[in-house]
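Enquirer: Quick one: structure below, then a few questions.
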Amino acid sequence: MAPTRKFFVGGNWKMNGRKKCLGELICTLNAANVPAGTEVVCAPPTAYIDFARQKLDPKIAVAAQNCYKVTNGAFTGEISPGMIKDLGATWVVLGHSERRHVFGESDELIGQKVSHALAEGLGVIACIGEKLDEREAGITEKVVFEQTKVIADNVKDWSKVVLAYEPVWAIGTGKTATPQQAQEVHEKLRGWLKSNVNDGVAQSTRIIYGGSVTGATCKELASQPDVDGFLVGGASLKPEFVDIINAKQ
């Protein structure tokens, strides 16, 4: 019997919001029904991690959107996993396509960050995904498997890892992978984990989808057997995020 994977919904607020509007969003989330079978995590901008943790109901966890690969030091503008934990956050998003493509983070650096964050006791939402030209060239699998390998090489305990598949061409573009496209990649990723890690990890690791997820698209995506939740961008700042949290209901 395959283990039941708890549905996981992450809200990535990116570089958005001020205390007033985020406070209003938090009030909406605190009043929302969060199903017992769903884990919800919100990732505010670094400046608002403490604010979000103090205001959010304990049923919703808090994540950082990034961290560095060491504990302390002369790294201007960076934040360490220890600092993130000190603020009450328990997760970190690593390898997001915007970190890869806007800020030039390499697979190697992302792997080092994953290793350090896990060693420090944070849960990791590890992001992978292909660009449009890579999908059109037919190398989606090659790209996401290479990205996954670097992450896997740095993971000792998979119970603290959620894999987020985000086709880069679907992020912030309004284009969503079809449920069938998402399922196909998720199924292949689970197969990769089975072949390259082990069957237990493949069965228990949650693989979530990111890329223009909305209240309108979430239910059909959530019905796919290998889609274990979502990493939501723009829609996580709107009341429809509550609909996405309840996509399995």
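Glycine is treated like the rest: Cβ placed from N, Cα and C.
Not measured: the values here are computed from a predicted model.
Swiss-Prot lists H96 with the feature active site, electrophile. Taken from Swiss-Prot, the feature active site, proton acceptor covers E166, and the record attributes it to sequence analysis. Residues or ranges marked as SUMO1 cross-link by Swiss-Prot on the basis of similarity to another entry: K142. Positions annotated as 3'-nitrotyrosine by Swiss-Prot: Y68, Y209. Summarising the annotation, Swiss-Prot assigns phosphoserine to S80, S106, S159, S212, S223. Annotation comment: Swiss-Prot describes K149, K156 (among others) as N6-succinyllysine, evidence class a large-scale study or a structure entry. The N6-acetyllysine annotation in Swiss-Prot covers K156, K194 (among others) and is backed by a large-scale study or a structure entry. Under the heading phosphothreonine, Swiss-Prot lists T214 (among others), citing similarity to another entry as support.
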Enquirer: For the C-alpha pair, I'd like the distance in angstrom between K194 (N6-acetyllysine) and K149 (N6-succinyllysine), rounded off.
Expert: 12
Enquirer: Give the residue from the modified residues S80, S106, S159, T214, S223 that has the most other Cβ atoms within 10 Å of its Cβ, counting over every protein chain displayed.
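Expert: Compared across S80, S106, S159, T214, S223, the most Cβ atoms within 10 Å surround S80.
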Enquirer: Among Y68, Y209, all listed as modified residues, which has the most CB atoms within 10 Å of its CB?
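Expert: For the modified residues Y68, Y209, the Cβ with the most other Cβ atoms within 10 Å is Y209.
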Enquirer: Out of K142, K149, K156, K194, which of these recorded positions shows the lowest number of other CB atoms within 10 Å of its CB?
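Expert: K156, out of the recorded positions K142, K149, K156, K194, has the fewest neighbouring Cβ atoms within 10 Å.
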Enquirer: Out of S106, S159, E166, S223, the recorded positions in the record, which is closest to S212 (phosphoserine) when you go by Cα distance?
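Expert: The answer is E166.
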Enquirer: Quick check: in three-state DSSP terms, what is Y209 (3'-nitrotyrosine)?
Expert: strand
Enquirer: Once the DSSP letters are reduced so that anything not helix or strand counts as coil, what is the residue listed as 'active site, electrophile'?
Expert: coil
Enquirer: Would you count the other C-beta atoms found within 10 angstroms of the C-beta of S212 (phosphoserine) for me?
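Expert: S212 (phosphoserine): 20 neighbouring Cβ atoms within 10 Å.
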Enquirer: Between C-alpha atoms, which of these modified residues comes nearest to the residue listed as 'active site, electrophile': Y68, S80, S159?
Expert: Y68
Enquirer: With DSSP assignments reduced to helix, strand and coil, which class does S159 (phosphoserine) get?
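Expert: It is helical.
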